[in-house]
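First the structure, in the form of structure tokens, and then the observations on it.
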Amino acid sequence: MGIGYGTADEQLEKQIGCVKYTLFCFNIIAWMISTALFALTVWLRAEPGFNDWLRILEAQSFYIGVYVLIAISIIMMAVSFLGCLSALMENTLALFVFIGTQIFGFIATVIGSAILLQYSTINSSLQPLLNVSLRRFVSTSEYTYSNYVLTMIQENIGCCGASGPWDYLDLRQPLPSSCRDTVSGNAFFSGCVDELTWFFEGKTAWIVGLAMIMAMLSVICGVMSFVLVQAVKKEEEQASNYRR
């Protein structure tokens, strides 16, 4: 009986060690991902040219999801250290707290990503905002500021009007040279609403991808923490039975 118990005890100890150090490594990876997410979201928020475009187009709602992901990335960086410590100490209370933070982190990350996508993809809430702003600029394109904004966007993105060159015809405005390809001389067929949206999608693709990886790691770390809690409890029960 003594030999059997010793063998089972050693196996359980090895299993706990395996789960503990695997969880520790996953938390290090989670810290790296959350740090990268923080850096990318702060860079996107602070990029001067991009910020100016959103301000001019009155589409700064785009930043709501960015703010959420900045906050959650900071929280998850701190939580990763908690996960490392609770795993190494094998403290069940700390592990339960860590599991709770992983559930919160998963939910918050998914919500932040969804909000960001809601303001940066085709058929999203961003497009009506861009459409209103661009049509207003087209309708007042005879004024210097409106002409400057349209020229900046249309020449850089390669687009014309809000939904196409016919916007100028509908609003009784002359078609500007910035709407034409400098090589062929033909008017750009694509509207600036779709082109700008695709441009914003390219900016947010990496951020949402990292956020989804971080959410997946939250699930993995939460499950492994629960497994470690159960293993630690089993070890404590065996030790208690052995003392009896």
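Yeah, the Cβs are placed from backbone N, Cα and C, and that goes for glycine too.
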Which candidate, Cys84, Cys159, Cys160, does TrEMBL give as the disulfide partner of Cys192? Cys159
Disulphide bridge to Cys160 as given by TrEMBL, partner from Cys179, Cys221: Cys179
If you measure Cys179 (disulfide bond) to Cys159 (disulfide bond) at Cα, how many Å is it? 6
Which of Cys159, Cys160, Cys179, Cys192, the listed disulfide-bonded residues, has fewest other Cβ atoms within 10 Å: Cys179
By a Cβ-Cβ criterion of under 8 Å, what residues six or more beyond either terminus of the transmembrane segment (21-44) are in contact with it? 50, 66, 69-70, 73-74, 76-77, 80-81, 83-84, 87-88, 203-204, 206-207, 210-211, 213-214, 217-218, 220-221, 224-225, 228
If we skip the immediate neighbours and take only residues 6+ beyond the ends of the transmembrane segment (205-229), which ones have a Cβ under 8 Å from one of its Cβ atoms? 16, 19-20, 22-23, 26-27, 29-30, 33-34, 36-37, 40-41, 44, 66, 69, 73, 76, 83, 86-87, 90, 92, 95-96, 98-99, 102-103, 105-106, 109-110, 112-113, 116-117
